[in-house]
Amino acid sequence: MKRRKFIFFLLLPTLLLISFIILYPTISGVMLSFKNYSLYNFQNIEWVGFENFKAIFSDPFYINTIWNTLEWVLFSVFFQLILGFILALLMKEPFKGRGIYAGLVFYPWAISGFAIGLIWSWLLNGQFGVLNDILMKIGIIEENISFLSDPSLAMFSVILVNVWYGIPFFAIMILAALQSVPDSLYDAAEIDGAGYFTKLFNITIPYIKPTLINTILLRTIWVMNFPDIIYGMTRGGPAGSTEILAVKMINTVFYESDYSKAAAHGVVIISILFIYTIMYLKLSSKREFSL
């Protein structure tokens, strides 16, 4: 008992710091969503109940924002996982120039998301973008493509950039997990005549499954709360075609100056992520138990 108290005493400063940094802003944000605080009303702040939530859900375009968010998260995480897994498998094997290859793979991770968004917005510009210029010179296209101003291409473009940006996270996590798989398992499988894909699906993936589950969960939460690339490239446009919930929240602050409504958007995001996390962990635990 004394040892537990001593451990708790050592952890207390960290717990208090975490509570101050995370819990206090979260609780304050939730409370703010039930008030009428805005740039135009910062003196007579009142408790308005669910009025902010009624306002955002009565927006006819809000369902489109939710759908954009789901599309953004699902496609980004899926392709980041697949490509990150492939790159991790390649980096696990020793070959000449492996260090240079790893540096190129991890390079996007060294740059801020907003800066990445700005850089790609210039590259994909419909009038003077580098990509259009290259495609024109090699004869693939005859006229410029409006990657970011065409609603049918804008979401595809920002997802493509986000996939490129997020691959290093999966590659690093999966590579670390791959290096922990004992070589003796592969040696025993080879003696039994197992091929590459047999070892991959029967040894590698089951062994690193906990890492995959945690990485997918963390990355999903991250991507859903990650407006940087979209804000740097399109600000949620054109015509709201790339506006996800996180971008909607930012636009509500800067364009409407309605802080309480923006907080309500934040509560919606937290609620979706909370439900997703519980369902994901339950399904993952059931799947692991069945295996």
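Glycine residues also receive a Cβ, built from the backbone N, Cα and C atoms like all the rest.
According to TrEMBL, the features are:
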| type | residues | note |
| --- | --- | --- |
| DOMAIN | 66-280 | domain 'ABC transmembrane type-1' |
| TRANSMEM | 7-27 | transmembrane segment |
| TRANSMEM | 72-90 | transmembrane segment |
| TRANSMEM | 102-123 | transmembrane segment |
| TRANSMEM | 153-178 | transmembrane segment |
| TRANSMEM | 262-281 | transmembrane segment |
Counting CB pairs under 8 Å, which listed stretch among 7-27, 153-178, 262-281 touches the transmembrane segment (72-90) the most? 153-178
Can you name the far-off residues of the same chain, 6+ from the ends of the transmembrane segment (7-27), with a Cβ under 8 Å from a Cβ of it? 270
